[in-house]
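A.B. asks: Okay, these came from Swiss-Prot:
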- 1-68: transit peptide (TRANSIT)
- 69-299: domain 'PPM-type phosphatase' (DOMAIN)
- 78, 223: Mn(2+) 2 binding site (BINDING)
- 78, 79: Mn(2+) 1 binding site (BINDING)
């Protein structure tokens, strides 16, 4: 039914709903290094029981979680399904993009304060492949700098992230759309289609930087989540996260992905996507069947 991606077991002394949420001593000014405890879950849109792709891919979505001595880095990407009409597997582009980002981080070929640089270098490597890799993808990269306790993000398109503190959203990504249901995207097209296929530069990604605190919750996901679950539903699920151990985070990530997957196939549900469609003059109701990828992280004290 689902596949779970995990990374890291950190010493997490901040307990959700306790010190990290209410006590000023839990603020971002502590002297120790920070890290992320991350778990993930996802569904492919065309999921059938027992059929799962290997690796961190759910349908045309892809993701990665990587650790370096200077930072924890994670990302999600949503391959554009329209390429399938031209005989191209959309998951190849998104999957290769995320694997390249992961490798760059593990090799230390990045600057924590510049997540756009990770996207740019990865995209350039794809462009320089001897064997052409056609396709398009959105992308969202999140970097936690261990020593500065700052989160640096880059978001291109309609994947994105939320940062939750004290039960409220304190930071979130901005969705980037050219027009309805047409997000910003990185693309590689055949020569004859260059200038015709929609393609954005990594530099077009929305970039933010801000301090985080111990116990902050970071949810990074593709649009399959956000198109089917409004913030209030996500926050309701996050309230069930009572502590910051890995098993609890994994269970909550799974619960969020499962609920989004169920809502995606409810024809009577007025989903955020359906509401957005109505706002654009379309008579639409129901969830939006789509690939869903959820990475759920908690900021914790880091131990190597």
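Note that Cβ sites are derived from N, Cα and C of the backbone, with glycine treated the same way.
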A.B. asks: Can you count the other CB atoms that lie within 10 A of the CB of residue 78 (Mn(2+) 2 binding site)?
C.D. replies: 32
A.B. asks: Average pLDDT across the domain 'PPM-type phosphatase' (69-299)?
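C.D. replies: The answer is 96, the mean pLDDT of the model over that range.
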A.B. asks: Cα-Cα, whole number of Å: residue 223 (Mn(2+) 2 binding site) versus residue 79 (Mn(2+) 1 binding site)?
C.D. replies: 11
A.B. asks: Which residues does residue 79 (Mn(2+) 1 binding site) neighbour through Cβ under 8 Å, counting only same-chain ones at least six apart?
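C.D. replies: Looking at Cβ-Cβ distances below 8 Å from residue 79 (Mn(2+) 1 binding site), excluding near sequence neighbours, one finds 60, 61, 62, 90, 91, 92, 93, 94, 95, 135, 136, 137.
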